[in-house]
Amino acid sequence: MFHSLLHPLDKKVLRELWRVRGQALAIAAVIGAGVAVLVMMYGMLGSLEATRDAYYERYRFADVWVPMKRAPEKLKDDLARVPGVASVETRIFVDVTLDVPGMIEPATGRMVSLPEHGRPAINDVVLRDGRWPERNHPREVLVDESFAMAHGFGPGNEVAAIINGRKRSLTIVGVVLSPEFVYAIAPGELMPDAARFGILWMNEEALAAAYDLDGAFNEALLRLLRDARPDDVIDRVDALTDRYGGGGAYLREDQLSDAFLKSEMDQLRNFGAVLPPIFLVVAAFLLNVVISRMIDQEREQIGLLKAFGYSDWAVGRHYLKFVGALTAIGILAGIAGGAWMGRGMAGLYTDFFKFPFLYYKADPAVFALGAGISALAAIGGTLAAVRRAALLPPAVAMRPAPPTRYGKSLIERLLPHRLTDQPTRMILRHIGRWPVRSGLTVAGVSVAVGLLVGSSFALDSMDYMIDVNFYQAERQTMTVIFEGERHVDALRAVETLPGVMAAEPFRMVGVRLVNGVREKRVGITGLVEAPQISRVLDADLAPVALPEAGLLLSDYLAKLLDVREGDMLTVEVLEGRRPVLSIPVARIVESYIGLNAYMRLGALNRVMQEGHVVSGVYLLNDSAVQDELYRDIKETPVVAGVTLQRKAVQTFRDTVNESFSMTVIFNAMFAGFIAIGVVYNAARISLSERARELASLRVLGFSRGEVAYILLGELALLTVVALPIGCLFGFGLAQLIGKLGMETELFRVPVIIAPSTYGLAMLVVLVAAAVSGLIVGRRVATLDLISVLKTRD
């Protein structure tokens, strides 16, 4: 019934789709891959943004953080009167060393006070299990869900903490999530390590008593009005907190958790802009080849249609419907596949970003965007061929197409005759006779190789970054962070701990670097003159001695500040006496992680005018007695946090492998789609064009293998030629992806591509090409010689 209602040309569209179903599916797979990537990336981006915004708003995430040494509660009223401030919350915020049951290594804890009455007005928490601490039980705490899950903790478990030099046993009564710690990283770490970094919330009265902060606080949180001018608020707040040891107020964009979340969103946005167009360009090329070939085959039919009264527009619309139907199949498959992959990606993100919920839900606009771009690419790729069909005069269309001009091709003239057999010369002749088509086939296969190389290089780059950062630059086995600045004598106490073989002090000072209108809040690290444990390396990985005077900056920080070696920088110190200094940029070095600024420790202490003080120490220790060292560090009052290099490397590597392995699998699948689509379509078109020729060779005595060699040997040769070109394209794509998606303030991924990555990319494409060849080869083996050799009208 439905079939009888269709227009005759619509029936023809359906018949054509069925006739070329193999090619149609291959093209639809490429279109679907492009749409799937776009839907997955932008859908996930929208889901993250919606979840973040809802979470931040519901639990009143702060707009401004104001760290201080110690400030009286009356300052809260002064802060509330600053123009643009909507609300103020004060609290106590300190880092401590944790002694976790069942874990030999020390862990780092971050203690946050809870208000005496009610829930936090700013940076509220989500109670996932248990209850809130009671006022008359000072040892009760809440812990973040990641830390609790890593150790199997729940209400009723206990954990010990070194609080202001005294070891206290704390009872967990609740498990929570916080918008402030969506991505929780310990001081000095690069990746979250839930087992060794936990956040604990304690009643303010108990925490204040432990740190002698009764009636005082050391951090304020601000929420701003919608029309507030954040920079003006920061200036006024800094002026108010200067006398209280203010560490420089900073905005949400500088808050570590939010910065990592924003960086991930930027990468999704950039990947979504780079990868889908590659698939859609290939799909447009494939559609152009198929439609052009179809029009050449149907010249007589086009002439008959026009002779029977069909207009140019009707003929053109017929072929556009064919393109539209094929594209629609790809779009629908891509939307379904993208939504499925998006849900998988949402599950992956829940391991990294701790939201109360995270559901993949693509906005309809994302589906419309994917469909619209795909349709434009398909129409753009076939419009010229369709126009040619529509404008073909009936008299010309009724005549056979002009025969191909035969003769020796350029390849044959360049290659000595005696070096090739007859089937090979036929392959070379056909390639030379259709250089544009052959070139486009090479280009399509090259794109498949390049896509896999360009999207998989990150694993190689991360391995390189791990080697440079953890084994060549930062060679310590442990980093010990003191509770506040300590006199250099504290170094002597650490050096005497069991198993310590070498120790180097360092100091961290929070500053704002200013160059004209450009400024950046960073920390200056003070190191010894020629550090041997934690070193600064140049581009050749040679150690750099710190200059006697002046700053040593990482290249990306210098780029953001627009400074060169020899330029003067204004340095606004955000702690201590808060001097404003003018310091020259002595040297700029390449760095992959963070925004780094260095000075000699002695020079930094001189400008700070605070004597010989340090913030912590880098250690090399003997692993044979490390358990004893860990126990002593847990009991050391001045230690606020410990980073174990071995664990940091393992966490970094596990996180990278987990986050990129799924991407590599998806890209291998998509590259396979492109390779199969390109090679299979080229083989099918070649078989369709040369069926009569190949059948004639069979009749003349050529074996099935020789005939298959003539057809598939051409595709094999084009595929082999495409491999090195694809590797070059992949290198260029890696450069683009590295520039757009992997160059942030948090890290810069160098473009390092291992030979194994090139090899894997070529292997995937060769396998895909071989599968295509086997499918087409079966058709060659079953050629109907009699029907093929019948005289054509």
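Glycine is treated like the rest: Cβ placed from N, Cα and C.
Long-range neighbours of the transmembrane segment (24-45) within the same chain, counting only residues 6 or more positions beyond its ends whose Cβ lies under 8 Å from a Cβ of the stretch, are 17, 265, 268-269, 271-272, 275-280, 282-283, 286-287, 290, 326-327, 329-331, 333-335, 337-339, 341-342, 345-346, 349, 360-363, 366-367, 369-371, 373-374, 378, 666, 669-670, 673-674, 676-677, 680-681. TrEMBL lists 24-45 (among others) with the feature transmembrane segment.
Proximity of distant same-chain residues to the transmembrane segment (271-291), defined by a Cβ-Cβ separation under 8 Å and at least 6 residues beyond the stretch ends, is recorded for 20, 23, 26-27, 30-31, 33-35, 37-38, 41-42, 45, 319, 322-323, 326-327, 330, 370, 373-374, 377-378, 380-382, 384-386, 437, 440, 443-444, 447, 451, 455, 670, 674, 677-678, 681-682, 685, 733, 736-737, 740-741. Per TrEMBL, the feature transmembrane segment maps to 271-291 (among others).
The domain 'ABC3 transporter permease C-terminal' annotation in TrEMBL covers 278-390 (among others).
Among the features that TrEMBL reports, transmembrane segment is placed at 322-345 (among others).
Per TrEMBL, transmembrane segment is recorded for 365-386 (among others). Within its own chain, the transmembrane segment (365-386) is flanked in space by residues 31, 34-35, 38-39, 42-43, 46, 276-277, 280-281, 283-285, 287-288, 291-292, 295, 316, 319-320, 323-324, 326-327, 330-331, 334-335, 338, which lie at least six positions past its ends and keep a Cβ under 8 Å from the stretch.
Among residues of the same chain six or more beyond the transmembrane segment (439-459), those with a C-beta under 8 A of the stretch's C-beta atoms are 275, 278, 281-282, 285-286, 289, 656-657, 660, 663-664, 667-668, 670-672, 674-675, 677-679, 682, 715, 718-719, 721-723, 725-734, 736-738, 742, 749, 751-753, 757-758, 760-762, 764-765, 768-769. Annotation comment: TrEMBL describes 439-459 (among others) as transmembrane segment.
Summarising the annotation, TrEMBL assigns transmembrane segment to 660-683 (among others).
Annotation comment: TrEMBL describes 669-783 (among others) as domain 'ABC3 transporter permease C-terminal'.
TrEMBL lists 707-737 (among others) with the feature transmembrane segment.
Residues or ranges marked as transmembrane segment by TrEMBL: 757-777 (among others). Sequence-distant neighbours of the transmembrane segment (757-777) (same chain, 6+ residues past either end, Cβ-Cβ under 8 Å): 22, 445, 448-450, 452-453, 456-457, 459-460, 668, 671-672, 675-676, 679-680, 683-684, 687, 708, 711-712, 715-716, 719, 722-723, 726-727, 730.
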Averaged across the domain 'ABC3 transporter permease C-terminal' (278-390), what pLDDT does the model get? Just tell me the whole number, please.
82
What else in the chain is close to the transmembrane segment (707-737), if you only count residues 6 or more beyond its ends and a Cβ gap under 8 Å?
270-271, 274, 278, 423-424, 426-427, 430-431, 438, 441-455, 457, 679, 682-683, 686-687, 690, 694, 697-698, 751, 753, 758, 761-762, 765-766, 769, 772-773, 776-777, 780-781, 783
Per DSSP, how many helix, strand and coil residues does the domain 'ABC3 transporter permease C-terminal' (278-390) have?
94 helix, 0 strand, 19 coil
Per DSSP, the domain 'ABC3 transporter permease C-terminal' (669-783) contains 96 helix, 3 strand, 16 coil
